[in-house]
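Reading through the structure tokens given below for one structure.
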Amino acid sequence: MYARVKRVKRDSVENLYKQCQLGADCPPDVRNKVEGTTLADRLLQIFGSILYLGNLGIGTGKGSGGATGYTPLGTARVPASTPGTVIKPTRPFSVPLDPIGSGIPSQPVGGRLPVDIIDASASSIIPLQEVLPETTIIVGGDSGPGLGASEIDIVSEPRPDVVGVDTQPTVYTSIDNTVATLDITPATPPVKKIILDPISSGSEGAAAITFSDISAADLNVFVDPQGAGDRISFGEEIELGPINQPAQFEIEEPPRTSTPGEGFQRVTTRARELYNRFVQQQPTQNIDFLGRPSRAVQFEFENPAFFNDEVTMQFEQDLQEVAAAPDQDFADVRELGRARFSETSAGTIRVSRLGTKGTMKTRSGLTIGQKVHFYFDISDIPAAETIQLRTLGESSHDFSAVDNITESTYINLTETTNEGLIPDNILEDEFTENFNNAQLIFATIDEGESMIMPTIPPGVALKLFIPEIAASVLNVVHPSSEWTILIPNVPDEIIQPAMAVDVYDDFYLHPHLLRRRKRKRLDFF
């Protein structure tokens, strides 16, 4: 058994390349890596002539940034300082010299730095501008009403809160070992100018109220409701538009189903299945196609309790004993699918069923037939006929309806009119009552008529109320002894009902009313 040879690691690329320079064998990968002729280097050279990829750190070397590492952008590299002995240059007489720095104070000979003295009572807030006062120049035009040029004063107030300078002084040592300090004075700030416009908008003078020294603690605000303010505007007034205004859009056609995406896929799949060149299109107007399609295929009786329209119906029929179908369009139908509903281009509903006909049978018993698409278009419900009604009581002239109940009269008690009073004679009628050509009508019966009424013999106090026939009033009749009492005559003969005998007519008695007698026959039977 052979011992396994241990793999020895190859020397570094730098050492191998040095040996190549001395004449040793040089692997091609080492030479290409050191000389920069690898595939990646060539691609960088090719694309570098087209695209500029400088300062991106793209290369085949390490990603460590070298021995010194990466430097952040925008910062300068500060060399690390190593502790050591500082040797200062000397002059004759052994006078030590300090180098002059750029604004950074160095250590003086005495070992002490100049210190700025700060007053203990000064404010702890250091303002941006110090020592130098602000000079304010007020330029005004002609003096307006109530405001003259002599009332404007120029005030300059220094702020001596903090004593010091903004920059550090430069310190150097002289020959006699004395310290000289150079104060750097900051530049003078620009002069502020205030321009007063004396033009007034009205004829009334503007009253200016000045207050003395007012601090934030005792500030008072006076509000006068009777006073009116002036509107001050600078520049042109530009109307601002609404920001983030909601967008308005119109939907061309809203979805008609709750799932438009799935519905569209279903319609597409159904159209491909029912409407293609391999399916025969067969319209029908058979009413049984909507509810009981089996009655259109064959003569049979089906129990409605076991009928299911949601399944595919199959009809077993031998071709040798073919019977005629109730509907000629459904002849030789072997299979009929469930009902499918769709919408036509005219907006009506279409009921479709996919069927298969058994028109051919092979010797092996296989039945072959064409697929047929039976569909029934349900007609839409027409709109009801509208009949224009005519206006009742129409007239050829204009008229106006006046309702006195709905009319209103407004009386203003505070308003007084001087039209005068209306006299009473205006309210009286001017017509005189005249009875010329008048006719007096008595609502009584004629004298020639007589009425026969049964009465009681005289002597009995009885009052009768007889209604008048000619008018709808009541007349009171008092009985009197002078009246003639008419008593109706009683007939002597007894009144019997009249009987008429017609000798020119005859009648036939119904046969069941006659008694049956043996061996007796009537002449008219």
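Just so you know, glycine gets a Cβ as well, placed from its N, Cα and C.
Residues annotated as disulfide bond in Swiss-Prot: C20-C26. Note: C20 (disulfide bond) has non-local neighbours C26, V30, R31, i.e. same-chain residues 6+ apart with C-beta under 8 A of its own C-beta. DSSP assigns C20 (disulfide bond) to a helix in the three-state reduction.
Break the motif 'Nuclear localization signal' (2-11) down by DSSP state and the numbers are 0 helix, 0 strand, 10 coil. Sequence annotations record features per position, and here Swiss-Prot assigns motif 'Nuclear localization signal' to 2-11 (among others).
The motif 'Nuclear localization signal' annotation in Swiss-Prot covers 515-522 (among others).
Here the motif 'Nuclear localization signal' (515-522) has a mean pLDDT of 65 out of 100.
The 10 Å shell around the Cβ of C26 (disulfide bond) contains 14 further Cβ atoms across the protein chains shown.
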